[in-house]
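Remarks on the structure that follows.
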Amino acid sequence: MDDYRYRDNYEGYAPSDGYYRSNEQNQEEDAQSDVTEGHDEEDEIYEGEYQGIPHPDDVKSKQTKMAPSRADGLGGQADLMAERMEDEEELAHQYETIIDECGHGRFQWTLFFVLGLALMADGVEIFVVSFALPSAEKDMCLSSSKKGMLGLIVYLGMMAGAFILGGLADKLGRKKVLSMSLAINASFASLSSFVQGYGAFLFCRLISGIGIGGSLPIVFAYFSEFLSREKRGEHLSWLGIFWMTGGIYASAMAWSIIPHYGWGFSMGTNYHFHSWRVFVIVCALPATVSMVALKFMPESPRFLLEMGKHDEAWMILKQVHDTNMRAKGTPEKVFTVSHIKTPKQMDEFIEIQSSTGTWYQRWLVRFMTIFKQVWDNALYCVMGPYRMNTLILAVVWFTMALSYYGLTVWFPDMIRYFQDEEYKSKMKVFFGEHVHGATINFTMENQIHQHGKLVNDKFIKMYFKHVLFEDTFFDKCYFEDVTSTDTYFKNCTIESTTFYNTDLYKHKFINCRFINSTFLEQKEGCHMDFEEDNDFLIYLVSFLGSLSVLPGNIISALLMDRIGRLKMIGGSMLISAVCCFFLFFGNSESAMIGWQCLFCGTSIAAWNALDVITVELYPTNQRATAFGILNGLCKFGAILGNTIFASFVGITKVVPILLAAASLVGGGLIALRLPETREQVLM
């Protein structure tokens, strides 16, 4: 088996380590053994010397001789690191000059829309499951715990994808890993619309979340490396508009597709493709279109230069220059750059020979090598010279996510709560009624019947909705083709009564006494209650919430390079905290919608500034990795926020409001300890 070799990220191993040791030592030992032949006893021959075992004194002397060589190796390593840092600093300033020469024009705007679609796919993913659930729960007969897991699994997938794919983008390239990310999302999101079982649907949404989770870190790192210092803050903020567009797109598609139950088909009695599945496929379109368009875009030249690929990077920069100059009407302008500084390479992967081991072993070695490189890179972000910036950013990302995602879930839940309270206030109560020989074939809704007596009554082809029969006596009654939602019989006596083709299952009769009563041919299917109302208001709330961030996006884009990143983060988070206190006055649906729009509109500026400063604080070989770590932590904060805030709906508004406000104030003040990056070149 041929030997395979790879050089470590930081080349910290001396040549004398086990993987690089040669046979010279054995040859010396054999020679030493030969020399001792024929010596007399006065030579103090060491026992075992004839077996080639070196004397302890010889070992000590060898170690003494090797110590300087190890020190030289470490010194050379330090010199190499210092030289590389000088090269990177020189490259950063030279690259800034080159990007200025290339100009900002058609190429950047084309890339802007391609990457914007990828960011839009991330925004869509947040809403897909929540919009599809009211219809999907009926098809899959989902309990509350299963619905909660579906909402959770998307964030878990996005968290894992941000960690993994963000790290890979710093090793394999922005374009390659982003294409992989979008392909995973598009394929598994589409597949999830066809699968019938809950487990398969859950798995597909998990993998889809992993795919799209890597898009946001890569998109911002990728686009920033084509922007000059003067344009970076503004245009990265403009890019954030596409995340808002994703929410608008998902809301509009849900509004226009899901209520149309005829938009589907059935194959036999077991396979049903309903309108919510059409909605899931439509939501995969942004990722699909972005993936196809990305094929025509080049790799980041800044990344290629970091990898030592000078010629390829030069060709791409020339393409950027020529594209922009042609669009400006000056095609004769020549790209004057002939040579670009490339950093000293310290990380090299040597391809394994095809004759080395089996295909499985070769791929395993490749995987372990890449994994080690990504892991070391992540540790360098957390424990290296950037650890303090990473810690501060982690706190800011987490507090922002906890409050923002927590409140964006709390708003629609509170609106539902207000709807339920209003509905309950209109409930009709019938006490001691006596009905004899009646035929009832209309809908009974939102009623309570107590201590009544129904004799020889027929309930035919009717619908019970939120109806409670309590301490009621049924005698010689007949129920046929009856459907129900949230309907129960409590402490009732049911005598000589027949139930034919109904969904009044046994769990709907609580402490009831049956006398000579029969159940015939009960309805098949799910035995759970689901609301029949469409979620028009929830779609509208999400639509308005997404649309409300547009003014904040525009303002943050125009002011990002004027007032700086830190003032934008701190100011936006503090203003958002003040807006939280207005929620105490949100005692109706319309008021809650208005305060939601205000909160989303003020907080978006902090998100945009966070994206920009995260990109600018880290060098090229750690940029996507650090962004992925922080974005993964953001999704963890979103999970906690959703769980904590939802648990207080209908109980108290004080805890969610104070928690959100405190998180925003704390995060905004801590963010001021970060360095300002407005005048900084990309390292």
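Quick reminder: no glycine exception, Cβ is built from N, Cα and C everywhere.
With respect to the membrane, Swiss-Prot annotates Trp276 and Met315 as residing on opposing sides. Feature annotation from Swiss-Prot across Thr36, Thr323 places phosphothreonine at Thr36. Swiss-Prot marks one residue of Ser33, Ser143, Ser228 with the annotation phosphoserine, and that residue is Ser33. Between the listed ranges 206-226, 500-520, Swiss-Prot ties the annotation transmembrane segment to 206-226. A straight line from the CA of Asn491 (N-linked glycosylation site) to the CA of Asn516 (N-linked glycosylation site) spans 17 Å. Listed as Cβ neighbours of the topological domain 'Cytoplasmic' (227-237) (distance under 8 Å, sequence separation of 6 or more from its ends, same chain) are residues 96, 99-100, 104, 108, 112, 220, 553, 556-558, 560-561, 565, 608-609, 611-612, 615-616, 678-682. Summary for the glycosylation sites Asn441, Asn491, Asn516: the Cβ-based neighbour count within 10 Å is maximal at Asn491.
The DSSP breakdown of the topological domain 'Cytoplasmic' (170-182) into helical (H, G, I), extended (E, B) and coil residues amounts to 12 helix, 0 strand, 1 coil. Between the C-alpha atoms of Asn441 (N-linked glycosylation site) and Asn516 (N-linked glycosylation site), the distance comes to 24 Å.
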